[in-house]
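Heads up: the structure comes next, in structure tokens.
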2 protein chains.
Amino acid sequence: MNLVLISIGLGLLAIVYGFVTSRQVLNSGAGNERMQEIAGAIREGAQAYLKRQYTTIAIVGVVVAILVYLFLDMPRGGAPISAIGFLIGSILSGVAGFIGMNISVQSNVRTAAAAQSGLQQGLTLAFRAGAITGMLVAGLALLSIAGFFYVLTAVMGLPANDREVIDALVALAFGASLISIFARLGGGIFTKAADVGADLVGKVEAGIPEDDPRNPAVIADNVGDNVGDCAGMAADLFETYVVTVGATMVLTALLLTGLGDLLIPMMALPLLIGGVCIVTSIIGTYAVKLGKSGKGATNIMGAMYKGFLLTAVLSIPAIFFAMWLALGDMNMVIGGENLANVDPGAPLAEEGTSSIAGFTGWSLFASSMVGLALTGLIIWITEYYTGTNYRPVRSIAKASETGHGTNVIQGLAISLESTALPTLMIVIGIIVSYQFAGLMGIAYAATSMLALAGMVVALDAYGPVTDNAGGIAEMAGLDESVREKTDALDAVGNTTKAVTKGYAIGSAGLAALVLFAAYTADLAEFFPLLDVDFSLENPYVIVGLLLGGLLPYLFAAMGMTAVGRAAGDVVKDVRNQFANDKGIMEGTSRPDYARTVDLVTKAAIKEMIVPSLLPVLAPIVVYFAINLVAGQANAFAALGALLLGVIVGGLFVALSMTAGGGAWDNAKKYIEDGNHGGKGSEAHHAAVTGDTVGDPYKDTAGPAVNPMIKITNIVALLLLAALAGGGA
Amino acid sequence: MNLVLISIGLGLLAIVYGFVTSRQVLNSGAGNERMQEIAGAIREGAQAYLKRQYTTIAIVGVVVAILVYLFLDMPRGGAPISAIGFLIGSILSGVAGFIGMNISVQSNVRTAAAAQSGLQQGLTLAFRAGAITGMLVAGLALLSIAGFFYVLTAVMGLPANDREVIDALVALAFGASLISIFARLGGGIFTKAADVGADLVGKVEAGIPEDDPRNPAVIADNVGDNVGDCAGMAADLFETYVVTVGATMVLTALLLTGLGDLLIPMMALPLLIGGVCIVTSIIGTYAVKLGKSGKGATNIMGAMYKGFLLTAVLSIPAIFFAMWLALGDMNMVIGGENLANVDPGAPLAEEGTSSIAGFTGWSLFASSMVGLALTGLIIWITEYYTGTNYRPVRSIAKASETGHGTNVIQGLAISLESTALPTLMIVIGIIVSYQFAGLMGIAYAATSMLALAGMVVALDAYGPVTDNAGGIAEMAGLDESVREKTDALDAVGNTTKAVTKGYAIGSAGLAALVLFAAYTADLAEFFPLLDVDFSLENPYVIVGLLLGGLLPYLFAAMGMTAVGRAAGDVVKDVRNQFANDKGIMEGTSRPDYARTVDLVTKAAIKEMIVPSLLPVLAPIVVYFAINLVAGQANAFAALGALLLGVIVGGLFVALSMTAGGGAWDNAKKYIEDGNHGGKGSEAHHAAVTGDTVGDPYKDTAGPAVNPMIKITNIVALLLLAALAGGGA
């Protein structure tokens, strides 16, 4: 039980880091009165939005918690353990988003102030703010599972592989996912409706620059960065962490039977890996410093990479240490014995036979290295597709010369193409980690990917802070040189934002396999007499794959439409304000920012509900529909196939949208840097169109696909448990 | 053997219809001298392109034919039967495209001339031209399989389910598919490079209207309609027909063992269904007449529907008649006995057991009705998504008011959304036909869908004729009222073009299942000792699904990039012509049309090669790579999963691109009809951007996904046969 407590301790360390660093950030200068006034308006808007969003989600959450209690806890006649797990997951997911957003709205104005002193000062402040969010996300996620697991097993004395413990962990993951899809989608709709709406009516119609204080939607646009790119992203990564680590623990409990004394260490190992990587992530944050050579974006990106690389390299011995601590003997064979690369004379961890091939500590370690390598490769590929230095972004910029149409065609071509390398890497990652240690290998590759979440989130959360800082500098009329510095920081933010999304969806590819394995293991346990045919030769499997593949398309369509509709409302509101008060354009009277923020808030909350419920209801509807037509065995087969269909379909939709959107945005930035005619040229107008198209792609529909995939899988697991409890 | 001869006779009937009707078309007036001159330039360009395209394809074709001989025929030590099958398929696919194109380039000017007399006259001529292409495609496709099958079985005396016969039928389908992907993609790149290029430099830069004779790319644009939308489409549908009917015959031979005397009738039945539906299609063409009420597009669409509906309704008794003729007793049980809805007292067709569940003539008939219903539903859904009367197109038109960006966002949202209903219909079609008669039910649903190909192609091929007619009317300076009539005819063409693509890809969804069943049946026959695990629990199945899902994305990316690149070349050429000869814009000297046509020809041929080889090489590379890492059983599992991955991924890519592109095009037309500000308004500019983006979506990348899916499947079948022949 020591290992779980160590993990809890390391989770607390992340919280301490966050607390100490936030003191440092808050103690730095907050700029002049005008800057503070603007930052205050942004803060108020963001807090008001989040309050309303969480109130709405709370209603859904309470209903679902009751359903979890009724269908999972009550049939067992026990305590409401799963319902409590669900609540822990959902509340902490909300807390992660809330804290991240609060740090962000405090740091934006301070970053603008710091950028007055220099690029390094601005970078330090913005990155520290991102690091606080990163460590809090990783720390809270680790604490939630480790703490809950500790209470269930050590305090309540339940066996670690007890069905109640497994279901409770799944319910915790469900809570995290459900909140995160609402937060990702609601925040994504808010931020892009405000952004697109502000651009359309400001840049295009009124001919005023971005972030001009005369634009009534300008505060809403800046609020959006915080509630979407920061709070939504934080909830999303919290969810990804909890689901991946939780699924690895659940799979351990389900597959590795007869482990004896090794059960607890094996279930605690994923937690411990997460814990030691918090330490390496904290160390890595201190390496983010500008180099002496290089300039602008390249130099800033280089500083980020230094931090990430240090974390990744230090994580190699750290993960080894965690495994050695948990297993004692790295050569000991765990599980079955039919793995080729096991030394025949090695000691065996268990007496009985296990349902999976055997592996050793070394093979788990090798699988974890696959996860680290995959993380690095995905970051590198994403930078290639979204960075201004490479072919993809430049080809979009060049295509802008011949107009809006060719810009969008080339952007779509790049977004389709950008799926290829990450998919190949994921496929190779699956094959290699499976060769090392079977399904557990895939689970450990995913876990070690997520163990770096603290650092990856730090890179991402820095983006909205700099974006806001630029807005505040513009609105407060600071010197042009300040805006140049925040713009340089922001360009890198576009790439790091895309990186996190590629990373999250890539890890989802692995995690979904783990969840599917949990689904089949559960099925075998709950319905041992049912002969479910998961073969591709079963037409109901094809039906499931097709329906699963459809979900991300339908979901993305709903997200895109919602942004278009809400942005239209913004345009009307701003036009209305301009028409009713001529003083706004003349700069003599101030627009009613709060009215626009309120309008976008209402629209985003309204629009997020239906798409978010799609992945919750789809598995249930498909199961009962197929059950009616072709019986329970085929219904389970179709449901299982749906889980894989949603990942096969969703992976491509998410990868193409997030990388494509990032490429469009940076193609515009590349032109604004003076290429192909620069600002105001025809090419620039075309690039602005591409950027607008990319906005809902990369910040609304694309990233929300990740929690959507997980929810579909988790609902299926809970459905199984509920059906089994309901009298099977 | 009678049934095969009847089918051949009905195939010849289609040829006779084509011959007689083409006399009628050619006898009608060909317009004034200027019109004939323009039409002559278009004809020459189209013929020159097709000649060069077929020369290039012929080189690839000869190489592949030799490979087919070396790997399939030679190990067997027999005659080059498969190689000849491949050549028949490829040559007739080319012939179908060639004749279709030739009819189209003769009818365009005659349609323009006829439209001078009235809308009905224009419609009659254009639709007759389309019907000739439709009947020739269906007739040639039927003749190729039926004739080849007759020679193999009746003349050479091979048993109908002999391995040589099966492989030869698959090779014939391969030939058709390989040519059709080149034709679809090459023609698609040509037509859209010319279209986009002409628009960019003409409409956008020079400010001259579409089809203005001063634009050097205007002839290339009109050539493109013929080589892409007509020749490419005809080759594609020829392929779809041959593969679907051929796969049903192959599946019959593989699954229904011990049929005895019923084997030949059962293998001939798909041919006979195709034959009788040629008769119903011919009758249907005579019902295409404008009604007295309604006006414009609605009325024209109504005339088309009358023809289609008559064909569909008449096909119900016709298919029943074909089945009754083949089986004699519709209640006789064929195959195994474990089907619930079979009368226990019914006579059995065979003595031994069969590997699939039993079914009767009635259940096959019911499955065929599913195919007819599916065709109707897909047409109806496609019209909803691409017609100017419904929400989707109007929402794009409305979004154009707020700019280029919102037009594209809404168009993308619609294109994503448009996949939902067709997928649901296909899923329901799979379930219902499978419930009726197992895998054979799915095969008969697909066959009866394709049996209507003559009529569906007729609706489609009419489009490019009217599009060209409009261009000729414009360039020859005919009265504005003529252009109005051809425009009305053309708007319907956008919908019917989208319909055919939805229909082709929908049928591909069913046909791919049939091909996958053939793959597993082959695998069991060739490698009886190999235990291939197709279960979703096998990670190599996931790997195959992911790689399969990737193929359409990569393929579409290549197609889109190719169009962008080739269109850029067109822009440069036209700019160059304008700069070097000021007289062109003044109308005093004629541009060098042939130079632009030649340039696009070279670009399209060059660009089509690599993407077309992707689906040919991917299955081979995946098999050998996985074989190296994880052994032959896992390699076959991954390859099988790849086949399904490519359909699951490809279905959504193809549906979204074809429907989305059609919707964008008609949103522009809707605005040009005077809505949202009409021609020249800001909304119209935005809609032109959307149309440009939709062009390569709907006419290059999207439709080529259909043959791509089939090629991947067929190459896998041939690879199996080659591996088995090579010493397994």
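Even glycines carry a Cβ here, placed using N, Cα and C.
TrEMBL: automatically predicted annotations, no manual curation.
According to TrEMBL, the feature transmembrane segment maps to A:54-72 (among others). When Cβ-Cβ distances below 8 Å are used as the criterion, the transmembrane segment (A:54-72) is approached by residues 80, 82-83, 86-87, 90, 94, 98, 167, 171, 174-175, 178-179, 182-183, 605, 609, 718, 721-722, 725-726 of the same chain, each at least six residues removed from its ends.
Beyond the transmembrane segment (A:84-105), the same-chain residues lying 6 or more positions past its ends with a Cβ under 8 Å from any Cβ of the stretch are 18, 22, 25, 39, 42-43, 46-47, 50, 54, 57, 61, 64-65, 68, 129, 132-133, 136-137, 140-141, 143-144, 148, 167-180, 183, 225-227, 230-235, 238-239, 242, 461, 464-465, 468. Annotation source TrEMBL lists transmembrane segment at A:84-105 (among others).
Among the features that TrEMBL reports, transmembrane segment is placed at A:125-153 (among others).
Marked as transmembrane segment by TrEMBL: A:165-183 (among others).
Positions annotated as transmembrane segment by TrEMBL: A:241-264 (among others).
Residues 3-4, 6-7, 9-11, 13-14, 17, 123-124, 127-128, 131, 134-135, 138-139, 141-142, 145-146, 149, 241, 245, 249, 303-304, 306-308, 310-311, 314-315, 318-319, 321-323, 325-326, 368, 444, 447-448, 450-452, 454-455, 458 of the same chain lie 6+ residues outside the transmembrane segment (A:271-288) yet bring a C-beta within less than 8 angstroms of a C-beta in it. Residues annotated as transmembrane segment in TrEMBL: A:271-288 (among others).
As annotated by TrEMBL, transmembrane segment applies to A:308-327 (among others).
If you look up TrEMBL, you'll see A:362-382 (among others) marked as transmembrane segment. Among residues of the same chain six or more beyond the transmembrane segment (A:362-382), those with a C-beta under 8 A of the stretch's C-beta atoms are 269, 273, 308, 312, 315-316, 319-320, 323, 330-331, 339, 341, 418, 421-422, 425-426, 429, 432-433, 436-437, 440-442, 444-449, 451-452, 456, 495, 498-499, 502-503, 506, 510, 659, 662.
Counting every protein chain shown, the Cβ of A:K497 (site 'Determinant of potassium independence') has 28 other Cβ atoms within 10 Å. Under the heading site 'Determinant of potassium independence', TrEMBL lists A:K497.
According to TrEMBL, the transmembrane segment annotation covers A:503-521 (among others).
Annotation comment: TrEMBL describes A:541-563 (among others) as transmembrane segment.
Same-chain residues lying 6+ beyond the ends of the transmembrane segment (A:609-630) with a Cβ under 8 Å from its Cβ atoms: 56, 60, 178, 181-182, 185, 540, 543-544, 547, 551, 554-555, 558-559, 562, 636, 638-639, 642-643, 646, 704, 708-709, 711-712, 715-716, 719. According to TrEMBL, the feature transmembrane segment maps to A:609-630 (among others).
Beyond the ends of the transmembrane segment (A:636-659), by six or more residues, the same chain brings 382, 385-386, 414-416, 418-419, 422-423, 426, 498, 501-502, 505, 508-509, 512-513, 515-516, 519-520, 523, 527, 530, 532-534, 538, 540-553, 556, 615, 618-619, 622-623, 626, 697-698, 701-703, 705-706, 708-709, 712-713, 716, 719 to within a C-beta distance below 8 angstroms of the stretch. Per TrEMBL, transmembrane segment is recorded for A:636-659 (among others).
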Cβ pairs under 8 Å between the transmembrane segment (A:125-153) and the transmembrane segment (A:541-563), at least three: no
Top Cβ-contact partner of the transmembrane segment (A:503-521) among A:165-183, A:241-264, A:308-327, A:541-563 (pairs under 8 Å): A:241-264
Outside the transmembrane segment (A:541-563), six or more residues from its ends: residues with CB under 8 Å to it: 185, 188-189, 192-193, 196, 533-535, 604, 607-608, 610-611, 614-615, 618, 622, 626, 637-650, 653-654, 657, 695-697, 700-702, 704-705, 708-709, 712
Distant-in-sequence neighbours of the transmembrane segment (A:308-327), which means Cβ under 8 A and at least six residues beyond its ends: 3, 262, 265-266, 268-269, 272-273, 275-277, 279-281, 283-284, 287, 334, 361, 364-365, 368-369, 372, 375-376, 379, 448, 451-452, 455-456, 459
